[in-house]
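**Student:** I have a structure here, written as structure tokens, and I will follow up with some questions on it.
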């Protein structure tokens, strides 16, 4: 830990070796007490904030429940564990039971980052699932399998962000990942946009047609130069039938040419 | 025992094809080297047979199952008309305990295979509607028997040959048969009068429809009521399939081209 100046050495110069040992025991005891308080306070705090209700029903909470704990439990335990480890390391440093250059000291410096990383992951998991729920709730009225992709997309983007933040905290070089992602997404968006241009336009039009239903099955319509009875409207195409011929018209074309409803 | 063996030999002698109904893989293996072509009939092709006819619904009565299997095989040209086939099937809950020899011209095709596979609507949609009708027939509405009329496929034409009896509860909704909620929904709506109209892709277009086809030349068994007449007649006027649950005798019947093609008892499923 960065203490500004060397606290353990300072304490060691102040007290006799036995005194230092007692001090380190005291630090340890204090650490355990603080850890417990942190555990309780974070629990209370999260209860006050209504975290248990918010995370209710997300897969993470369910997994936690099946393991006999809860999201609140995991987070508060993590916080307490963090304090415990901190106390133990400081005590060890003061008592000089391990050499200061040892692996452990570097580990202590690493600890807050680790804690934030785990915390970010947990929040990411929960937020991702929550976002998926909210988005799918919004799209509830659109009963189409194609629309089911959107909530999943939102969920995984949030997962990805959380993982990036966590990795960043752990000191992993995320720049390469980001660039890779950017390249990938650019490639995919560019190529998919190019390849699926018509489908995308059709599905956007289809979404409008399905939600507002300017015409429905059984109506006689003229679309472009096709006249007939609407047999089916889906995300991408509209089926119009006349005299034994079924015209399958892309929804994009429907929007472009406009619709004439024949009423008589 | 010799007489019995002779009897069985007589039944299976000179058969042109063997039909195995939902065989286990061990049974299928046994026929691997058979000279006659082997046709597997079942809900899924678990043994990965070359010749396979898919059963869309779980026929409990043997005749329906064999009929469907043979009509399917004829349609796929796995067997030819006039062939004599031996059907190995399970009966009364057993597996492979019945052997029957049937000449494929012995019965007039009822169109039951046609109903599922060559309907205008997708086969899965016809099956789903069938299942809903059977379910409805089994349980009824709050214990009381109900009737229902589903017109599947060619929805545009059906809509033009019918008029609404009341507001359409399915307007601007995107409910498809096969969605989990549909069974409950249709059960509740089945107390409404009129027909359900379902599109080729399975979208429930409307409820509360009064069908107005011309009923000339519709040949349905006497004694069936207005619901069946309407269902039968609309299938003659359009390319739709009608699936009717009778309120009085609780049977599920399917009409196509103005004719009764399938009649099953929900209690048997």
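Note: Cβ is positioned from N, Cα and C throughout, glycine not excepted.
Annotations in TrEMBL come from automatic prediction, not curation.
Note that the structure is predicted; figures quoted are calculated from it, not measured.
Okay, so TrEMBL annotates it like this:
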TRANSMEM  A:20-39  transmembrane segment
TRANSMEM  A:72-95  transmembrane segment
TRANSMEM  A:107-128  transmembrane segment
TRANSMEM  A:149-170  transmembrane segment
TRANSMEM  A:176-196  transmembrane segment
DOMAIN    A:199-258  domain 'Mechanosensitive ion channel MscS'
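Can you walk me through where each of these features ends up in the structure?
**Tutor:** Distant neighbours of the transmembrane segment (A:20-39): 11-12, 76-77, 79-81, 83-84, 86-88, 90-92, 94-96; these residues of the same chain sit at least 6 beyond its ends, with a Cβ under 8 Å from one of its Cβ atoms.
Residues 1-2, 54-55, 58-61, 71, 74-75, 78-79, 82, 85-86, 89-90, 154-159, 161-163, 165-167, 169-171 of the same chain, all 6+ positions outside the transmembrane segment (A:107-128), place their C-beta atoms under 8 angstroms from a C-beta of that stretch.
Predicted-model confidence for the domain 'Mechanosensitive ion channel MscS' (A:199-258) is 88, expressed as mean pLDDT.
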**Student:** With Cβ-Cβ distances below 8 Å as the criterion, list the same-chain residues six or more beyond the ends of the transmembrane segment (A:176-196) that contact it, or say none.
**Tutor:** 160, 164, 167
**Student:** I need to check the long-range neighbours of the transmembrane segment (A:149-170): which residues 6 or more away from its ends have a CB within less than 8 Å of a CB in the stretch?
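**Tutor:** For the transmembrane segment (A:149-170), the sequence-distant neighbours (Cβ-Cβ under 8 Å, at least 6 residues beyond its ends) are 113-114, 116-118, 120-121, 123-125, 127-129, 131-133, 135-136, 139, 177-178, 181.
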